[in-house]
Amino acid sequence: MDHPLQLLANGLVVGAIYSLVAVGLSLVFGVMRVINIAHGDFAMLGAYVAFFAWDWLGLSPLVSLLPAMAILFLFGAGLQRLVIERVVGRPLLASLMLTFGLSLIIWNSSQVAFTTKLRGISYLTEPVTFLGVTMSQSYIVGFVLALILTGALFAFLKFTAPGKAIRATSQNQDVALACGIDVRRARTLAFGIGAALAAAAGTLISMTGFIYPYMGFEYLAKTFTIVVLGGLGSVAGALVAAFAYGLLESFGTAMLSPRIAPALPFVLLIAIMIFRPSGLFGTSVADR
Amino acid sequence: MMQAPVFEARAVTKSFASLRAVDDCSFAVEKGAIVGLIGPNGAGKTTLFDIASGATRLDSGQIVFRGEDISALKPHQRALKGLGRTFQLTRVFPKMTLMENMFVASPGDHRLHERAREYLELVNLVDRRHEYASDLSYGQQKLLELARILMLDPELILLDEPAAGVNPTLLKSLLAFIHELRDTWGKTFLIIEHNMNLVMGHCDKVVVMSAGSVIAEGSGEEIQANEEVLEAYFGKSTHPLGRAGHGA
Amino acid sequence: MSTRRERADSSVHGGGSSWVAWLSWLGVAIFAVYVAFMLAAPWLVNRGTLSLLYLVLYFVLLAASWNLMSGFTGYINFAHVAFIGVGMYASAIAIADLGAPWFLAVALGGCVAAAYAAVLSVPLLRIKGPYFTITTLAVAEGTRVIMSSAFMEPLTRAGSGIPLFVQIGFETKYFAMLALVVAVVVVTYVLANSRIGLRLLSIREDERAAENLGVNTTRLKIGAFVLSAFFAGLGGGLHAMYLSYIDPFNAFHIKYTVIPIIMTFFGGIGTVLGPVLGGTVLELFNDYIWAHVLRLNLATFGVVLVALILFMPQGLLEWLKDRGFLPKTRRI
Ligand SMILES: Nc1ncnc2c1ncn2[C@@H]1O[C@H](COP(=O)(O)OP(=O)(O)OP(=O)(O)O)[C@@H](O)[C@H]1O
Ligand SMILES: [Mg+2]
């Protein structure tokens, strides 16, 4: 088994990346009560944008991060406006099935377009050693960037007018409407932001690990676990839960057989659903 | 009529986060009585119904039905024991016909169709028995709920604002119906209602809740004369029962 | 339900007039013709087409068994493939390791899947609405991971899979699959016209109201879940012999949950013939797209699903009933 400090560091890094995906999923749920099954696929698409920018144009992922986010923002916002907006207010299962259909389309098309080959970007691979912890530079850069982006999201939600509109819509849509907030715009914005953050996570994954079309589904499973752990709809809860989950995964993988470790998110998710359906941190807004 | 209570709330308490929705609430409903449960918005009346019917778990206290503590029973067990309720916002089965709605509620097969039709007739809905419940108006859905609960043959019926959204003519027959159920079949009613004329005119006893607790209990006249009730409703100004002027 | 007349009265929507009661037998008639065609098919079509019809029947079975639970109660179950796959494994192990005759192996597949569902149902069915759906998704993936893990290796041979040599002809498998389809449709029909079926539907409509009307929703949900898993396990157990090779990746592939769900949505969730219609049409369609857009078949199903949710969320049968092309009865 690795040194505990090493496991701790690894857990924090993956936790930071998970938080980017989870925070967006929770934000979207809070604002429009839609559980977006295609959310993991946004991360996958972001990862491929970064990969092709590197492969074809020679752009570093740090440079392509912003364009990847912008592209996925537009993609997400467009998808929301054209399709998902139509099921807002319908039973949750309608949106669940709808986004599931979208996920099938995105995932299967990506398989055909990108092939199922594992890919990755070798960038900033030199290891750095500090306090007995060895880590490649790309991990450290990824960690810092993830923290900056999450921080930016919190600042955006707290201090800007559109951010406040999103929070108000999340808390009570009727009141938000009565206060003259354009809730439709808030929803589109929130969905776009969620997709952009997922794309950022994908970009960071492309330089710290492998990418492949099916990854969206695997990240989705982990993200569900995280979001449920943090309380559906709670952005801060998702952040805390993402780090908790990253650490658990890091230590769990080291201690369990590698063939059992992949079952971890599922077992955990089932356990949470049974014992604390409203999440461990904070209370869920979705008690229906 | 002094009878043994069929229903008792004993020191029932329930909090949502920091809010004490029901706070040490105790009262009894005698067999064969029509009891009104009134109180300002947010007093905890519906929450008390939820606790009585088992939809919500209480934090402490007891719900006693026919001398038995039923606090630990599941909702369907309470229903089968004879405790029926309706909801403030109607909960009919929208994509089922009226008859199908009725059938769900009956524990046995005895005279199923006759009874279903009979009760639908009582609420004037028998001609629409093959339509989906979603095709009914809101007031008609309330009536369907009342008819449906009768399929259970409950001893005690909890009605949450039965008059809201029901037109005056229909309301009159509804009230006559409630009296008939009580007088001929010995059913007991606990009714949440904001319509004071209805409460004063039809209830044998009135229980007043405010901020989760019972603040007064007695006949209509006693309640109308009670200072505390007045305060709970309007601060110190006018008495609500003196000015109620709408409805039946 | 006392007399036949009364039953028609209870299940026919829209006025109980005699022609409507009569039309409600339409569903039975349609299904009888369908079964008659499938029975005659081995003498009517060539082997390639018969293979396709076998797959049609297999997917109809998966869809109809899924509908037994999710269509009636509204609890959308994403773990169906877990029961199919467990049934496949039970049957494959019974044949390969124990030398069981094929029909016993199939029966065992159904029973093991039902037992697995019974065990899972205790914690699962306390979870409501979309949370239930997400959790069942986790159950399916978790089952796949565990079945391919080193723990289960002695039994399942983990990732390397189980080869199967079964000495029964293709036509036996075909007729057995047809028999399973008839069984599940008959069960659905009986349920749809029974008080128990109405109580299951009341869970879908409003579970809390149902509880307060004396319906033991937990027991009913468990019953429906186990019954649904039983048929899925039978189907998986039989299909194992068609595949002649079982491995976790294919046995637990999420598409075997997704495709039956989409088929049921297409035909009409919670109806008797919806899964038959959806399964038949979409499997034939799937065969067509395999020939044309091959690798995009899941994406094509995705498009169908999105279009359904947006434009025809009740499915084809309810759409036809709403427009008066079919009588509004639970018999179809
Ligand atoms: N599930 C819940 N979670 C949190 N708070 C709740 C919940 N249900 C009720 N409350 C709160 O408990 C208090 C009592 O509500 P309740 O519905 O019992 O009032 P009520 O007396 O029926 O009012 P009304 O006359 O308006 O129907 C209210 O402040 C309400 O907001
Ligand atoms: Mg109320």
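Think of each number as a place in line: the chain as shown, counted from 1.
Cβ atoms here come from the backbone N, Cα and C positions, even for glycine.
According to TrEMBL, the transmembrane segment annotation covers C:20-45 (among others).
Here TrEMBL flags C:51-68 (among others) as transmembrane segment. Cβ atoms under 8 Å from those of the transmembrane segment (C:51-68) belong to residues 38, 41, 45, 77, 80, 84, 170, 173-174, 177-178, 180-181, 184-185, 187-188, 191, 224, 227-232, 234-235, 239, 242, 256-257, 259-261, 263-264, 267, 269-271, 274-276, 278-280, 282-284, 287 of the same chain, restricted to positions at least 6 beyond its ends.
Taken from TrEMBL, the feature transmembrane segment applies to C:75-96 (among others).
The transmembrane segment annotation in TrEMBL covers C:102-125 (among others).
Here TrEMBL flags C:174-192 (among others) as transmembrane segment.
The transmembrane segment annotation in TrEMBL covers C:222-245 (among others).
Annotation source TrEMBL lists transmembrane segment at C:257-277 (among others). Within its own chain, the transmembrane segment (C:257-277) is flanked in space by residues 27, 30-31, 34, 59-60, 62-67, 70-72, 74, 76, 78-81, 140, 181, 185, 188-189, 192, 201, 204, 283, 286, 298, 301, 304-305, 308-309, 313-319, 330-332, which lie at least six positions past its ends and keep a Cβ under 8 Å from the stretch.
Per TrEMBL, the feature transmembrane segment maps to C:289-311 (among others).
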*Looking only at residues six or more beyond either end of the transmembrane segment (C:222-245), which have a C-beta under 8 A from one in the stretch?*
54, 58, 61-62, 64-66, 68-70, 72-73, 75, 77, 80, 83-92, 95, 102, 105-114, 116-118, 120-122, 124-125, 161-166, 168, 170, 173, 176-177, 180, 183-184, 187, 200, 251
*State, in range form, which of C:75-96, C:174-192, C:289-311 has the highest count of Cβ pairs under 8 Å to the transmembrane segment (C:20-45).*
C:174-192
